[in-house]
Amino acid sequence: MNEENTDGTNGCSKVRTGTQNEAALLALMEKTGYNMVQENGQRKFGGPPPGWEGPPPPRGCEVFVGKIPRDMYEDELVPVFERAGKIYEFRLMMEFSGENRGYAFVMYTTKEEAQLAIRILNNYEIRPGKFIGVCVSLDNCRLFIGAIPKEKKKEEILDEMKKVTEGVVDVIVYPSATDKTKNRGFAFVEYESHRAAAMARRKLIPGTFQLWGHTIQVDWADPEKEVDEETMQRVKVLYVRNLMISTTEETIKAEFSKFKPGAVERVKKLRDYAFVHFFHREDAVAAMSVMNGKCIDGASIEVTLAKPVNKENTWRQHLNGQISPNSENLLVYANKEESHSKSLGKPPTLPTRLNGQHSPSPPEIERCTYPFFPGTKLTPISMYSLKSNHFNSAVMHLDYYCNKNNWAPPEYYLYSTTSQDGKVLLVYKIVIPAIANGSQSYFMPDKLCTTLEDAKELAAQFTLLHLDFNFRRSSINSLSPVSTTLSSGTPSMLPYTSRPSSYPSYPLSPTISLANGSHVGQRLYISNQASFF
């Protein structure tokens, strides 16, 4: 421990010696009865607390705390977080110098206490002018395994992963959208703990590990979205996956209406999955239990309640399952143990104005700045000489996509209308000249935006979706097609196959839809289809 640390409590700069630090921590331990141990760059207070019997608290009981002053320690932090409830474990990340690393994890005994901590302590002024951030901590136990031979079955993948890694609980494998006898070339491997998943990733990550003669790709799977129980109790939409490409919305509606005619409000289908809207929640829940595992057009379907995207402004970007602990921005992330050296975290790519819509996040992109020293040699290049993972916006991806297919650049046409409350609303129509004579003459989302940037980004996302451009970590399920998808006669295209998410989601609150054209300006194309949500 350092001999001296600067304590800025009450806005003054006073020096607290290492001996004083130690005395303060010992006093805290004596007062609470908790043990404290330092290991692997973190100091653990409790875990379990005195008198605890039984297993640790379940997933969802831990919160992440960011932007902690570097000279603040458990004797000051623990009393603050005890206001929300009983602390099971407090883990403060530490530097070799004895300072903390600016962030910590607090595990409560119940989920309710963790949620209360987020509500009352996020943006809490811990010292004059110093505000901490508190959000849910996602304990990721799932790895993404890519480049798997498509003919391998779930049992084969499970057996192989158990041979090469420890703690494997389950493997999630999804059938191909076009051939249900094959997998999609990737799987999600569930481990018994985050530590087991981290050890497996460490073993497999070098890039030289092979399964069945194939060099596999390994990364943290995107953590499943946590939605509070109160919100889920209002969900009336089912997410249906593993459908045949040829299955129509009419067929899906008919199948889900069999148990109670008239219960289904509408169906929206994209490729091999769909959202089934019900008028009443109880009918949705009943249909889920009846239809899960049933066959439609020869395909065994999976049915779950669709998870809304939280419309609140949260920090959600993670870097390979890990936050940047030095960042001044608070980031929700998936991994908890290994530090990340980058000092500038990746900001959200598209604001919550689009209600959960996010620009494509290319594989392993790193958003950070580096020093630009005088005399640094620079070489002129074309953006088209770069790889797709150098672009972060859908607009740039679409331009890149067209160039790689030897198409002319996309043409953007801006339209506007005025809302009932007088706001100017915008939407872009995109024309791709190379395919304009095909079955899809243009692309236009059925949502209106209030800013030019959002309108352009949304239109590009919509277009990429209908060009079979798969986003790696985005959910763009609220976009409805304007007309039929591209025909098989479309000019050959360079595919951009990316890692899909392991969970469904949909916007909790939609942007303004074009489905009702009563207030739409004269120049605006009006979609005759209702929006997703």
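Here the Cβ of each residue, glycine as well, is placed from N, Cα and C on the backbone.
According to DSSP, the domain 'RRM 1' (61-139) comprises 19 helix, 33 strand, 27 coil. The domain 'RRM 1' annotation in Swiss-Prot covers 61-139.
Here Swiss-Prot flags 141-223 as domain 'RRM 2'.
Annotation comment: Swiss-Prot describes 236-308 as domain 'RRM 3', evidence class sequence analysis.
What Swiss-Prot records for 338-362 is region 'Disordered'.
Helix first, then strand, then coil: DSSP counts for the domain 'RRM 3' (236-308) stand at 20 helix, 27 strand, 26 coil. Per-residue pLDDT, averaged along the domain 'RRM 2' (141-223), amounts to 86 for this model.
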